[in-house]
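Here's the structure, in structure tokens; my notes come after.
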Amino acid sequence: MGKHALERSRRRPRGGARRATTGPVRPRYGRIAILVSAVIVTTISVAGGLGIFPSTSPGSDAAASTSGMASAPSDSVDAASPTRTERAPAGRTTPRTAATSPITDAGGRVSATSGSTQLPARSGSGRRVVFSESAQRVWLVEDDAGDDDGDEVVRTYLASGSIYDNLDPGTYEVFSRSRHAVGIDDSGTMEYFVRFTYGNEGAAIGFHSIPVADGEPVQTLDQLGTPLSHGCIRQRLQDAIELWDFAPIGTTVVVTA
């Protein structure tokens, strides 16, 4: 009895032990796939670091396409918004540039850089205000019967007209004056406003002092002689006062090219 019990105990498998099988061994595809993926990722990373594969960063195409793109010109060239008489025109937005030729052409246009204060040819007759768009200069002209040509220039000075082609050459007449004026949406204030025509959008155009916005002039005195406004003709304060005194309602204004 004791011998048989001993034999049974020898034949009984130990706990947790498994019997060996003789069937075919099945490959573990899951582990193989993970291993292959890891090898591929490692290979690509190493190759990229060695410069074998080109690398791109997000947004690089956009940066390349915009880096050589010229920025569009801005319609505004000063700190103030367009005033009632300096509203940017809807249909004519080609910026005007100051003339650079040092000679007077056949049309009587005097360049701003020539330093000439000669009254433009074919700029009218009699008592009048003359403004040359190319020279960016104003003349106050008296009718002098004793002069050969009947003209006496009593004052001339540089001014700043419009950067837009919104004032046509021609003969006009002062129709309105304001000692003080305020720009659109309180964008600035100006003094000694003398109006003589209207712009493309119906806003008045005239002569006035350099506008002030937030307590500061929108341009410097040194910039006079350069187109900087949105329609009107800006003057230094003393020149604006002189024109104000010279040009009551009904005064002729001649604009030359």
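Note: Cβ is positioned from N, Cα and C throughout, glycine not excepted.
Curation does not apply to TrEMBL; its annotations are automatic.
These figures come from a predicted structure and were not determined experimentally.
Summarising the annotation, TrEMBL assigns transmembrane segment to 32-53. Residues or ranges marked as compositional bias 'Low complexity' by TrEMBL: 70-83, 90-104. Under the heading domain 'L,D-TPase catalytic', TrEMBL lists 127-256. What TrEMBL lists as active site, proton donor/acceptor is H208. Per TrEMBL, active site, nucleophile is recorded for C232.
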Residue distribution over DSSP helix, strand and coil in the domain 'L,D-TPase catalytic' (127-256):
16 helix, 63 strand, 51 coil
Between the residue listed as 'active site, proton donor/acceptor' and C232 (active site, nucleophile), the C-alpha gap once rounded to whole angstrom:
7
So if I draw a 10 Å sphere around the Cβ of C232 (active site, nucleophile), how many other Cβ atoms end up inside it?
30
